[in-house]
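Structure provided below as structure tokens; questions to follow.
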Amino acid sequence: MTASIDLSSYRDQHFKGSRSEQERSLRDSTTLYVGNLSFYTTEEQIHELFSRCGDVRIIVMGLDKYKKTPCGFCFVEYYTRAEAEAAMRFVNGTRLDDRLIRVDWDAGFVEGRQYGRGKTGGQVRDEYRTDYDAGRGGYGKLLSQKIAPNTDNR
């Protein structure tokens, strides 16, 4: 394998199975995790970019588990490993919607994984962010809740 398609150190902590089963699934997978997306990036934009590397089988948009709105990630599944490897080589680190996107191997989409795992429904990484990021909903959600004006005082 070349460096651009090697497995990263990230592992899904909710994977159902042993570490060796997860490693095997990642090495055989045709599914990619795509992160650092703008909340406004559409499935059509993702399809247009990733279809340059092969036939996309399915795209599953990551959603806020409470609002059911996009929350900055998705899964892209190809028909073959070679197509997924091409996306790892050529799409990882490219710009989409003015953001550098991150592409990583995924062991395969399982229903329920399309929802953010953070306390407020989105991604954990967006809950504690202290910088303002217009493409990802402004300030971090937990910080926004702390500084939101109290409108109940009359």
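Cβ atoms here come from the backbone N, Cα and C positions, even for glycine.
Dumping what Swiss-Prot says about this protein:
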type    : residues                                                                                                     : note
BINDING : Tyr10, Tyr33, Arg102, Val103, Asp104, Trp105, Asp106, Arg113, Gln114, Tyr115, Gly116, Arg117, Gln123, Val124 : mRNA binding site
DOMAIN  : 30-108                                                                                                       : domain 'RRM'
Which one is it: of the binding-site residues Asp104, Asp106, which Cβ has the fewest other Cβ atoms within 10 Å in this structure?
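Least crowded of the binding-site residues Asp104, Asp106, by Cβ count within 10 Å, is Asp104.
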Taking only the residues in the domain 'RRM' (30-108), give me the average pLDDT of this model.
93
If one looks at the chain holding Arg102 (mRNA binding site), which residues at least 6 apart in sequence have a CB under 8 angstroms from its CB?
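Val34, Gly35, Asn36, Asn92, Gly93 - these are the non-local Cβ neighbours of Arg102 (mRNA binding site), listed in sequence order.
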Counting by DSSP secondary structure, give me helix, strand and coil numbers for the domain 'RRM' (30-108).
21 helix, 31 strand, 27 coil
